Amino acid sequence: MARRPLVMGNWKLNGSKAFTKELITGLKDELNAVSGCDVAIAPPVMYLAEAETALVSSDIALGTQNVDLNKQGAFTGDISTEMLKDFGVKYVIIGHSERRQYHHESDEFIAKKFGVLKDAGLVPVLCIGESEAENEAGKTEEVCARQIDAVMNTLGVEAFNGAVIAYEPIWAIGTGKSATPAQAQAVHAFIRGHIAKQSQAVAERVIIQYGGSVNDANAAELFTQPDIDGALVGGASLKASAFAVIVKAAAKAKN
């Protein structure tokens, strides 16, 4: 079954009102004639209004970088699924290593977020991946399986229908290091195979992105791999020209 690739930009803690408008204008110009690849951006939640307005008449989808479990009430500083939907958000990144590390989010907590997003009709982008120490100890598959099982064991394998997984080896995030295409493919194939133990149909449909210093120089080679269905892009998503190269590479490789 052919899977439609998804390239998503994670802006992290970057941007301003002016930057948001300028970058989206650039992306619309660069990607105007591109088809065959879904595209999304996840700006800081502060700039969702600017992004929603700037994305009018564009096929670029809006995402965000976090969500709370609660819909409303006395939860200071949090953002609900309903608030995100109010701005036209489609994709929500959860489980990013920076959230796991700095905010001590557990596999179980992330699985709850996954369920909340599914219930709200939003698309979870579940980040998984191992640290450098875990990689060197040969625990990559063990870590990825554990992080996926946290969702499957509580919500069932069918929860991955219409969801996205982003394999992001922690040692490659923002470091300039990247897994080789063959290394990334091996892990992506493992992830798909692990899900296939529960459901071959779900495994064949689920989008598995690669993330970890994806840029305009290495994207094309990564996308030649059969189980890499796009990318979750950090730093390179802050430049319209670089991000467009990545999107075009995915569209070309997968069509």
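Note that the numbers count up from 1, one per residue, in the order the chain is shown.
Including glycine, each Cβ sits where the backbone N, Cα and C put it.
Taken from Swiss-Prot, the feature active site, electrophile applies to HIS96. If you look up Swiss-Prot, you'll see GLU168 marked as active site, proton acceptor, on the strength of sequence analysis. Swiss-Prot lists ASN10, TRP11, LYS12, GLY174, SER213, GLY234, GLY235 with the feature substrate binding site, giving sequence analysis as the kind of evidence.
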Whole-number Å value of the largest CA-CA distance among ASN10, TRP11, LYS12, GLY174, SER213, GLY234, GLY235, listed as substrate-binding
14
Just name the winner among GLY174, GLY235 (the binding-site residues) by count of other CB atoms within 10 A of its CB.
GLY235
Separation of alpha carbons, HIS96 (active site, electrophile) and GLU168 (active site, proton acceptor) (Å):
8
The rounded CA-CA distance in Å from GLY174 (substrate binding site) to the residue listed as 'active site, electrophile' is 13
In the chain carrying GLY234 (substrate binding site), residues 6 or more apart in sequence that have Cβ under 8 angstroms from it
ASN10, LYS12, ILE173, GLY174, GLY211, SER213, VAL214
The number of other Cβ atoms within 10 Å of the Cβ of SER213 (substrate binding site), counted over all protein chains shown, is 22
With every protein chain in view, how many other Cβ atoms are within 10 Å of the Cβ of TRP11 (substrate binding site)?
23
